[in-house]
Amino acid sequence: MANPKSLSLFLLSLLAIASAEVFFEERFEDGWENRWVKSDWKKDENTAGEWNYTSGKWNGDPNDKGIQTSEDYRFYAISAEFPEFSNKDKTLVFQFSVKHEQKLDCGGGYMKLLSSSTDQKKFGGDTPYSIMFGPDICGYSTKKVHAILNYNDTNHLIKKEVPCETDQLTHVYTLVIRPDATYSILIDNVEKQTGSLYTDWDLLPPKKIKDPEAKKPEDWDEKEYIPDPEDKKPEGYDDIPKEIPDPDAKKPEDWDDEEDGEWTAPTIANPEYKGPWKPKKIKNPNYKGKWKAPMIDNPDFKDDPEIYVYPNLKYVGIELWQVKSGTLFDNVLICNDPEYAKQLAEETWGKNKDAEKAAFEEAEKKKEEEESKDDPADSDADEDDDDADDTEGEDDGESKSDAAEDSAEDVHDEL
């Protein structure tokens with residue numbers, strides 16, 4: 001028989017989920033193209049990438065599709081509209097899933113929440129945004145979750161490091177911002193970071209600052225150790241020579257004093273010599289520690305009880321530059337209920353993750369088998385010709401690849 005208390009909690013949970021306010025939910029089912037607008041950004045430069053509608057090369061459900069970047073060295077910009085709302089007095093939950101099938105070297109997997117002033121056809125890298133959230137990978141140095149909040153027209157990066165997932169499987173990223181100015185970041189329904197908007201972003205000036213008028217007192221002693229005034233230099237200390245004749249040295253048998261002069265033994269370092277005498281150190285009884293200016297209220301600080309509020313959210317978008325394409329987005333959610341978001345994640349990612357992992361492992365196994373079939377001995381006869389051809393194209397290929405990677409890092413550094 002079910003525990004009455006557990007049953008009550010379960011019913012309360014269902015009631016809470018049923019009352020969740022969903023502002024936007026996109027599972028990329030039929031008709032998704034009517035809900036999403038592809039931007040004209042970068043089209044004139046022929047560097048705008050196209051999206052594929054697919055479940056990917058490996059998946060847990062071939063019918064669960066999303067949109068995937070399909071062209072290398074391209075910019076991507078696409079957005080969807082929802083009824084304008086403010087999160088004042090509400091919890092804001094922003095969640096989506098992303099999979100880097102291409103084993104991403106440098107590129108983003110983040111999404112943006114945009115205000116009502118956004119022009120979807122012009123949406124691009126310079127378009128102001130309210131929130132930018134999601135994974136970002138570039139080389140060995142950058143493998144983190146971005147959580148960038150716009151406050152007073154300035155973008156503020158989170159000060160804490162939140163590592164992102166770097167494999168080739170689907171992962172769910174969730175950002176929760178609450179009316180009490182606290183937040184949580186989850187990956188695959190597991191909380192990875194939590195804290196306060198006040199402390200983990202520099203949205204406001206600090207409440208306290210060092211007193212600029214404070215001066216260190218003249219008698220403030222910062223020396224932790226001092227020479228021992230009772231310590232005395234031993235008698236004869238200064239008479240100890242730095243070097244002494246080598247006691248093991250022997251006069252050569254063929255040494256002729258008349259011809260070679262009087263023989264003297266070479267000198268060696270004196271093990272008794274201790275250098276210039278210094279009194280030993282003792283704890284300073286007057287030590288007060290390192291002086292610090294006292295903290296005072298910052299006259300420039302003004303609290304904002306609505307620091308968490310975004311008053312006119314109306315669009316969600318993806319804006320990326322990718323050297324290597326293959327990133328797949330799915331199951332985008334904007335709501336006010338973290339429990340509903342968790343449920344959606346379990347219904348989609350959670351239901352399919354094991355099957356997806358098995359499909360990926362099978363694909364990797366087949367790939368290894370295909371590669372092992374290639375016998376290097378079969379190509380020995382053509383090796384010289386191939387080397388000549390490779391040499392001719394090597395410089396051009398490498399320079400093109402290097403230029404593209406440098407461009408990717410430049411774009412990444414502008415974030």
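Using N, Cα and C of the backbone, Cβ positions are placed for all residues, glycine too.
Source: prediction; values computed, not measured.
According to DSSP, LYS112 (alpha-D-glucoside binding site) sits within a strand segment. Marked as alpha-D-glucoside binding site by Swiss-Prot: TYR110, LYS112, TYR129, ASP136, GLU319.
Residues in the compositional bias 'Basic and acidic residues' (208-253) partition by DSSP class (helix H, G, I; strand E, B; coil) as 3 helix, 9 strand, 34 coil. Residues or ranges marked as compositional bias 'Basic and acidic residues' in Swiss-Prot: 208-253 (among others).
The compositional bias 'Basic and acidic residues' feature in Swiss-Prot is assigned to 347-376 (among others).
Residues or ranges marked as compositional bias 'Acidic residues' in Swiss-Prot: 377-397 (among others).
The compositional bias 'Acidic residues' annotation in Swiss-Prot covers 404-415 (among others).
Per-residue confidence over the region '4 X approximate repeats' (192-257) averages 92 (mean pLDDT, predicted model). What Swiss-Prot lists as region '4 X approximate repeats' is 192-257.
Feature annotation from Swiss-Prot assigns region '3 X approximate repeats' to 261-299. Sorting each residue of the region '3 X approximate repeats' (261-299) by its DSSP state yields 0 helix, 9 strand, 30 coil.
Annotation source Swiss-Prot lists repeat '1-1' at 192-203.
The feature repeat '1-3' is assigned by Swiss-Prot to 228-239.
The annotation repeat '2-1' is assigned in Swiss-Prot to 261-271.
Among the features that Swiss-Prot reports, signal peptide is placed at 1-20, with the record citing sequence analysis.
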Candidates ASP136, GLU319: member of the binding-site residues with the richest Cβ shell (10 Å): GLU319
Alpha-D-glucoside site, defined by TYR110, LYS112, TYR129, ASP136, GLU319: further same-chain residues with Cβ within 8 Å of the Cβ centre: GLY108, MET111, MET132, PHE133, GLY134, HIS146, ILE148, GLY317, ILE318, LEU320
Number of Cβ atoms other than its own within 10 Å, given for LYS112 (alpha-D-glucoside binding site): 24
Set of same-chain residues at least 6 away whose C-beta sits under 8 angstroms from TYR129 (alpha-D-glucoside binding site): LYS112, LEU113, LEU114, SER115, ILE148, ASN150, ASN155, GLY317
